[in-house]
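Chemist: Can you read through this structure? Questions will come right after.
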Amino acid sequence: MSEESTPGPKESPPAEPRAGSREVWKKGGRLLSVLLAVNVLLLACTLISGGAFNKVAVYDTDVFALLTTMMLLASLWILFYLLRTVRCPNAVPYRDAHAGPIWLRGGLVLFGICTLVMDVFKTGYYSSFFECQSAIKILHPLTQAVFVIVQTYFLWVSSKDCIHVHLDLTRCGLMFTLTTNLAIWMAAVVDESVHQTHSYDSSHSNTSHLRLALDLEQRAGSSVGGDCSCNTVICQIFQQGYFYLYPFNIEYSLFASTMLYVMWKNVGRLLASSTHGHGHTPSRVSLFRETLFAGPILGLMLFMVGLAVFIIYEVQVSAEGGRLQQALVIYYSFNIICLGLMTLVSLSGSVIYRFDRRAMDHHKNPTRTLDVALLMGAALGQYAISYYSIVAVVVGTPRDLLGALNLAHALLMIAQHTFQNVFIIESLHRGPPGAEPHDTTPKEPCHGLTFANLDALHTLPGCPPTPRLVGTNPVGPQEAVAIILAPRGHWRRRCLKDISLFLLLCNVILWIMPAFGARPHFSNTVEVDFYGYSLWAAIVNICLPFGIFYRMHAVSSLLEVYVLS
């Protein structure tokens, strides 16, 4: 791999003859850390997936022991990293200004706090029947709480580091910590899936699945030598509480993994001493600044309506009275309207960019590359669910209103993800507001001039045709071009800010619904009857977490689009 550079500063030229050997050894160090991560992750995946089946002699205590050991080792390495950077002032000579933006670190802190609450609930749940439980089940949430605190502080203060000491050890440590987060994410997904399967089987009285769930519970109890039934009210509150908080733990692990990957890419990276870019990080940001207010108002209206629909859906689905179909019709109708508006707005934003004269930023940096990869990769989860639903509705025999709504919802979900990704990716590759395209930058004699005669200016070669009066302040050519072009693109900036805020609010409500338990995939029996519960549950439980993560990552990307517009 070649060293990547930020959009702003240029990388230091490798003047030393040893640069070639340094580059080769850097590739070897990255390969070593990747091999370590792959082997550890495969071991964790084997134990976690094996523990989910009752016919495999792998118990949950084995999984807890592995995760606890990994979190302890990762915490020790993080402490070593922090102490080393404090004692060695030259350990971090450069800092990547684009890595670890404030909204990403803020989201990490928010999800970390929710994960700590989940660990408290899990500790209380397992302590409710301490006599028949293994000590590792209580030690695991306590260790995870310590790991979350240490890692959150580490990523908050060090996410921008380009460290230049003990490169191979740092790469291996970062990859091991990343693998630990992925293992925690997989364990949470599997645990939530088993719990959801048991809840579905209990409500539908499916004898075969119910027997599997009972076998899981009996095996869990026999593995620790006793009957660990949760009968008390406090125990049931703890149990339900930490299952509701699992989505936050899943999001925390994914957020931490993305930030650790950027740090891993920045190990040994050479940058100019200045940490400033081309103005991609404005010094002053004000919400609703230079907006038309149409986007925020419409977005807030959909957000409030979405909360009401979500509450109605949850109440009617859990109620006994045959209101399930009515709840699904309301849920699908709102999502169809919301996804349709988001698709049109995203397409409008892409059309506005066709008239935008700002320069395309073709420089490479790990943060933006990872943002694009995560947007495209996480969208595959929702794509898969939508295509499976389309096949089930089209090929399946029941053709009613619910099937038509389900089909429209799946098609609009695909269209919305596609056009929103196009809009976000194109926005992230744009230069700062007012930047002139590289091939149209004014040449001499415009450089360094202060113009007072508007009629004479357009006669000069290479100068803009309709400039405005520029003051006598000594500004450079890029600043002069920004001032000249600002009024012309003012309406475009307002529209783009409105579009980004509208999409941001819509993505938040579309994250809240599945993250807090809205599962129309199982309430609507079209896919369950077509694929069977086991296959459909596996598809949803694997793909849906990526869809939830996509919404949160889209929110952070749209906030950056709002700032850059």
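Note that Cβ sites are derived from N, Cα and C of the backbone, with glycine treated the same way.
Feature list, courtesy of TrEMBL:
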- 1-21: region 'Disordered' (REGION)
- 31-51: transmembrane segment (TRANSMEM)
- 63-82: transmembrane segment (TRANSMEM)
- 102-118: transmembrane segment (TRANSMEM)
- 138-157: transmembrane segment (TRANSMEM)
- 252-272: transmembrane segment (TRANSMEM)
- 292-313: transmembrane segment (TRANSMEM)
- 329-353: transmembrane segment (TRANSMEM)
- 373-395: transmembrane segment (TRANSMEM)
- 499-518: transmembrane segment (TRANSMEM)
- 530-550: transmembrane segment (TRANSMEM)
Chemist: Excluding the flanking five residues on each side, which residues at least 6 beyond the ends of the transmembrane segment (31-51) place their CB within less than 8 Å of a CB in that stretch?
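Modeler: The answer is 58-60, 62-63, 66-67, 70, 168, 171-172, 174-176, 178-179, 182-183, 186-187, 190, 264.
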Chemist: Could you pull out which residues elsewhere in the chain have a CB under 8 Å from any CB of the transmembrane segment (102-118), counting only those six or more residues past its ends?
Modeler: 141, 144-145, 148-149, 151-152, 155-156, 159, 241-242, 245-246, 248-249, 251-252, 255-256, 258-259, 552, 556, 559-560
Chemist: Would you kindly check 252-272, 373-395, 499-518 and say which stretch has the most C-beta pairs under 8 angstroms to the transmembrane segment (329-353)?
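Modeler: Ranking 252-272, 373-395, 499-518 by Cβ pairs under 8 Å to the transmembrane segment (329-353) puts 499-518 first.
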Chemist: Against the transmembrane segment (499-518), which of these stretches has the most C-beta pairs under 8 Å: 138-157, 252-272, 292-313, 530-550?
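Modeler: Per the Cβ under 8 Å count, 292-313.
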Chemist: Checking distant contacts: for the transmembrane segment (373-395), what same-chain residues at least six beyond its ends satisfy Cβ-Cβ under 8 A?
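Modeler: Residues 258, 403, 406-407, 409-411, 413-414, 417-418, 421, 424-425, 521, 526-527, 530-531, 536, 539-540, 542-547, 549-550, 553-554, 557 contact the transmembrane segment (373-395) from elsewhere in the chain.
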